[in-house]
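Chemist: Quick one: the structure is below, and I'll ask about it shortly.
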Amino acid sequence: MALTLKFFVITIAILALTSSPSTASDPSPLQDFCVAVNESKETVFVNGKVCKDPKLVTADDFFRPGLNKPGNTSNQLGSIVTAVNVNNLPGLNTLGISLARIDFARRGLNPPHTHPRGTEVLVVLKGRLYVGFVLSNPGPNMKNKLFTKILNPGDVFVFPEGLVHFQLNVGKTNAIAFAGLSSQNAGVITVANAVFGSDPPINDDVLAKAFQVDKKVIDNLQEQIWWDNN
């Protein structure tokens, strides 16, 4: 009897350890941060969006037109992303998905960026794209590995969550791609803008040493990004 009880306890303990990661984890963040407060009057919003009364929900809450229309690529990069996420399609709330249309002029670039809260799967509808992503920091004396591919219409490529990735139009015509993301609000961090265009700016000494360049180069980059965004 004692041996049977001991075996039962051990079995329960093992099951608890193996199942806890999938049943007792914190919810994934749906924004950059959600600072805890003790006073209700200081509360602004929860992690994500609050829910509409089901009695007031209509079909329009799950509908958004317009992705058949090309975006305006008349900018320095020659590309534009038309995002469809919980901010402009309320019915996506709590569903963990979103998407985007990406238009490219000839030689247009969707610059290196990350989605901190979502994996991206990209399908090319028109044109020819050079795409790639870089792995996270490896061990000592090793380099971040780059994975690249040339995509043609109908081709699909996946960018794992949080990794730096990009797309460049290498074809002879404009290009169109659609991307699905595994979050209702995956977020986006454009590397150049975040590093060289932050407000207030990151100290020149930090950037010059990190990128091993002269401070004048840093000043020029910060000025260029400022003009691009203003």
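Glycine is treated like the rest: Cβ placed from N, Cα and C.
Grabbed the feature section from TrEMBL, which reads as follows:
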BINDING   N110, H115, E120  oxalate binding site
BINDING   H113, H115, E120, H165  Mn(2+) binding site
DISULFID  C34-C51  disulfide bond
DOMAIN    65-219  domain 'Cupin type-1'
SIGNAL    1-24  signal peptide
Chemist: Rounded to a whole angstrom, what is the C-alpha distance between N110 (oxalate binding site) and H165 (Mn(2+) binding site)?
Modeler: 9
Chemist: Within 10 Å of the Cβ of N110 (oxalate binding site), how many other Cβ atoms can you find? Include all protein chains, please.
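Modeler: Total other Cβ atoms inside 10 Å, all chains included: 25.
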Chemist: Give me the long-range Cβ neighbours of C51 (disulfide bond): same chain, 6+ apart, Cβ under 8 Å, in sequence order.
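Modeler: Sequence-distant Cβ neighbours: N93, T94.
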Chemist: Rounded to a whole angstrom, what is the C-alpha distance between H113 (Mn(2+) binding site) and E120 (oxalate binding site)?
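Modeler: Distance (Cα to Cα, whole Å): 12 Å.
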Chemist: Taking the mean position of the Cβ atoms of N110, H115, E120 as the oxalate site, which residues outside that list, in the same chain, have a Cβ no more than 8 Å away, listed in sequence order?
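Modeler: What remains near the Cβ centre is A100, H113, T114, L122, F159, H165, A179, L181, A186, V188.
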Chemist: Near the Mn(2+) site, what residues other than H113, H115, E120, H165 in the same chain have a C-beta no further than 8 Å from the centroid of the listed C-beta atoms?
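Modeler: Close Cβ neighbours, site residues excluded: T114, G118, F133, F159, L163, V164, A186, V188.
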Chemist: What's the CA to CA span in angstrom from H115 (oxalate binding site) over to H165 (Mn(2+) binding site)?
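Modeler: Here the two Cα atoms are 9 Å apart.
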Chemist: Sort out the sequence-distant neighbours of H165 (Mn(2+) binding site) for me: same chain, 6+ apart, CB within less than 8 Å of its CB, listed by position.
Modeler: P112, H113, T114, E120, V131, G132, F133, V134, F159
Chemist: By a 10 A CB contact count over all chains shown, which of the binding-site residues listed here is most packed: H113, H115?
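Modeler: Compared across H113, H115, the most Cβ atoms within 10 Å surround H115.
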